[in-house]
Amino acid sequence: MDLLRSNLSRVRIPEPTNRVYKQECCLSFDTPMSEGGLFIDMFNFLAFGKDYVGWNFEKTGNPVYLHVKKTKKPVPEDRPLKKPTLLAIGIDGGFDNNEADYEETHNIVILPDYVSLSYPSVELPEKVRLAADAILLDAGAERKEQVAAWTADKKLVSVYATNLQQIDNGVVIPPTGWKCSQCDKTDNLWLNLTDGVILCGRKNWDGSGGNNHAVEHYKKTGYPLAVKLGTITADLEAADVFSYPEDDNVLDPLLAQHLAFFGIDFSSLQKTEMTTAEKELDQNTNFEWNRIQESGQEVEPIFGPGYTGLVNLGNSCYLAATMQAVFSARSFSSRYYINQSLKKAFEEAPADPTVDLNMQLTKLAHGLLSGKYSVPQVEEQEGIPPRMFKTLVAASHPEFSTMRQQDALEFFLHFLDQVERSNAGKTELDPARSFKFGVEDRILCSSGKVAYNRRNDYILSLNIPLHEATNKEELELFHKLKAEKLSEGKEVSGDEVVRPRVPLEACLASFSAPEEVHDFYSTALQMKTTAVKSAGLTSFPDYLVLHMRKFVMEEGWVPKKLDVYVDVPDIIDISHMRSKGHQPGEELLPDGVPIEDDSEIPLANEDIVAQLVSMGFNQIHCQKAAINTSNAGVEEAMTWLLAHMEDPDIDAPILRGRGSESVDQSKVDMLLSFGFQDDVARKALIASGGDIEKATDWIFSNPDASVSNMDATASNTTSGPNDADLPDGGGRYRLMGIVSHIGTSTHCGHYVAHILKDGRWVIFNDNKVGASINPPKDMGYLYFFERL
């Protein structure tokens with residue numbers, strides 16, 4: 001007791017704003033139910049397992065801990081079931097997951113000698129009693145984050161929805177091919193429900209995301225509601241509608257009506273419920289479910305190092321399947337497990353290890369790969385819950401921080417971006433590099449001259465050319481049978497369904513195949529022409545990830561998942577896909593050459609431009625619309641603008657002679673100091689009227705600026721990222737992992753991983769791990785290959 005009193009300065013009573021960890025160790029997956037229980041630091045309120053609390057004492061000097069140990073009680077067979085009031089599992093008000101009851105014991109423990117004092121006890125100092133009481137009464141940071149994630153999905157009806165003003169300006173929104181009307185962003189796009197303008201979302205704190213054009217449009221116009229494109233399906237309540245004045249995601253009960261105003265009509269979808277098409281969709285989903293999860297097969301459970309499952313936290317299977325595949329790569333297992341101990345990661349972590357990605361990835365790697373949490377049970381292993389990792393990696397992403405299902409591809413890319421940022425300046429330690437490769441586009445102009453453009457990527461996204469199916473005869477017979485049965489009012493049974501079989505080689509060939517680019521502005525010809533674009537890889541990564549584009553949007557905004565097999569061999573060779581680069585004898589397209597005599601080009605009428613800009617259109621777009629309609633009027637300019645929004649050169653600056661192209665050299669030098677190229681810097685300054693901040697935004701909004709997004713105003717063969725830092729080697733790869741998706745959309749359904757380990761295929765289905773009997777190699781969504 002004297003020892004405890006001498007350390008009272010290292011005891012704090014938690015405030016409501018303090019995060020109290022009491023359900024899981026910050027460095028491992030130990031819990032109060034573990035053999036050694038859990039030790040809660042009574043100064044910083046972090047929790048540690050028996051093997052790790054000593055490290056915290058060494059690092060912080062905090063000696064006083066509340067020890068919590070839970071021992072399982074036998075479950076009575078007649079335990080009554082409670083009715084759930086919240087769509088959640090295992091939390092108060094949620095579904096009962098049949099967890100056992102536990103007997104809980106508490107002690108105050110003083111390190112380094114682990115002196116133990118009983119709690120509760122009136123002999124303890126009042127400060128210690130109050131602190132321990134507060135810790136035990138606190139819901140716990142882990143539980144609070146879980147509840148917040150579930151309840152975050154509750155949206156209120158917007159007060160602006162009922163009487164929303166909609167302007168009839170002739171806008172009709174197509175089902176695909178969207179782009180921000182003020183920049184080149186093609187993702188994170190929002191449709192304003194008042195005027196139909198498509199604009200990009202907010203810029204994130206780290207520079208990612210959009211360019212704030214949607215919110216800036218609201219500030220200019222006051223038009224309150226916007227819907228995120230790509231989230232609109234037959235289930236309109238699931239669409240992301242944002243209210244700017246309410247600054248929150250909201251429900252729009254009239255969304256179908258508001259969308260129909262701009263040509264997005266869902267009435268046909270409502271009428272086709274439970275039609276033959278719906279039944280076929282259900283049939284396909286049931287087939288996927290059984291085949292991918294290997295239902296009905298006697299799957300032998302596997303335990304031990306590398307065979308640990310991940311608990312589903314509620315629609316978190318996209319994360320579980322992806323991380324199982326990621327940690328099967330040696331680059332990640334070496335970085336966070338083999339070459340990094342938990343103690344080393346903890347010593348390097350900040351005061352709060354729960355917010356350090358290096359620490360939480362090391363914790364996850366040791367949990368998955370050590371075998372500590374994968375020991376034989378009666379039926380199946382419990383798995384480990386990746387709560388702290390999910391909370392941390394999703395903190396900067398509004399979608400992954402919810403409990404909704406997500407796209408495994410989007411999560412994979414977001415995760416690698418986070419890893420790359422956390423290893424900035426330490427290239428040799430960055431495991432994300434092992435997935436990175438260079439892509440080069442070659443543009444052949446009709447003049448015979450060429451331009452090259454480079455970029456880096458983590459995934460090779462492939463179209464599935466159905467016309468390349470190898471079983472066309474069987475498909476024709478099946479379609480005849482299907483038509484006959486439908487005419488007789490009968491249904492096609494699951495056993496009779498024939499799906500197209502497309503070889504992976506055909507998908508890879510479609511990536512490299514030449515394609516025509518219409519209305520390409522040639523700086524050699526000083527006019528628009530048709531060019532031919534082809535793509536190749538400038539480097540081959542250690543691990544190649546192929547993404548199969550199975551999800552398409554049909555006419556009428558009907559989302560569809562291609563019901564197709566892709567025949568993927570165990571070994572592939574992509575050596576033929578290596579880009580040859582600038583070849584001897586090839587003449588490069590010249591840099592943008594302004595027209596000497598611009599007297600024939602009219603100036604844009606400022607009144608017309610101002611009116612169009614006030615509607616939310618881009619300044620350069622408006623100037624071009626006025627010029628190309630000879631300043632005939634606002635209506636004529638808008639008609640031209642709406643018809644030319646997708647022009648490849650719509651964002652190219654208007655060049656009017658050498659005098660107007662001059663820019664301030666000091667501003668060019670400043671952009672050069674940021675690492676931009678000279679020609680890109682000059683083009684950006686011209687496009688932004690000499691404003692450095694706008695010029696920087698323009699460059700980030702136009703990543704292909706060195707070729708002006710198919711407008712050849714630059715042709716430097718070294719333009720784009722440097723390949724020197726990328727891994728490279730031969731083009732032969734072995735299939736090592738598959739992430740498969742079950743369901744009609746990436747935002748619903750279920751994800752499962754199959755991994756090749758120790759010479760055999762293993763299925764990772766959340767916490768279930770077993771020997772795969774028939775891995776669905778032809779049904780994958782993401783394929784992971786390792787270079788031979």
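Every residue, even glycine, has its Cβ placed from backbone N, Cα and C.
Copied over from TrEMBL, here are the features:
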type	residues	note
ACT_SITE	Cys317	active site, nucleophile
ACT_SITE	His750	active site, proton acceptor
BINDING	Cys180, Cys183, Cys200, His213	Zn(2+) binding site
DOMAIN	156-266	domain 'UBP-type'
DOMAIN	308-788	domain 'USP'
DOMAIN	603-644	domain 'UBA'
DOMAIN	662-702	domain 'UBA'
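Locations of recorded TrEMBL features on the structure.
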residue: Cys180; record: Zn(2+) binding site; Cβ within 10 Å: 24
residue: Cys183; record: Zn(2+) binding site; Cβ within 10 Å: 19
residue: Cys200; record: Zn(2+) binding site; Cβ within 10 Å: 26
residue: His213; record: Zn(2+) binding site; Cβ within 10 Å: 25
residue: Cys317; record: active site, nucleophile; Cβ within 10 Å: 25
residue: His750; record: active site, proton acceptor; Cβ within 10 Å: 21
Open item on the list: Between the Cα atoms of Cys183 (Zn(2+) binding site) and the residue listed as 'active site, proton acceptor', what distance do you get, rounded to the nearest Å?
Closed with: 35
TODO: For the domain 'UBA' (603-644), find every same-chain residue at least 6 residues outside the stretch whose CB is under 8 Å from a CB in it, and list them.
DONE: 169-171, 181-183, 192, 195, 197, 199, 217, 220-221, 650-651, 653-654, 687
- [ ] Filter the recorded positions Cys180, Cys200, His213, Cys317 down to those whose C-alpha lies within 10 angstroms of the C-alpha of His750 (active site, proton acceptor); answer none if the list is empty.
- [x] Cys317
Task: Between the residue listed as 'active site, nucleophile' and His213 (Zn(2+) binding site): CA-CA distance (Å) - done: 33
TODO: Sorry to bug you, but what's the C-alpha spacing from Cys317 (active site, nucleophile) to Cys180 (Zn(2+) binding site), rounded to the closest Å?
DONE: 32
Open item on the list: Roughly how many Å lie between the Cα atoms of Cys200 (Zn(2+) binding site) and Cys317 (active site, nucleophile), rounded to a whole value?
Closed with: 29
- [ ] For the domain 'USP' (308-788), provide the mean pLDDT of the predicted model.
- [x] 82
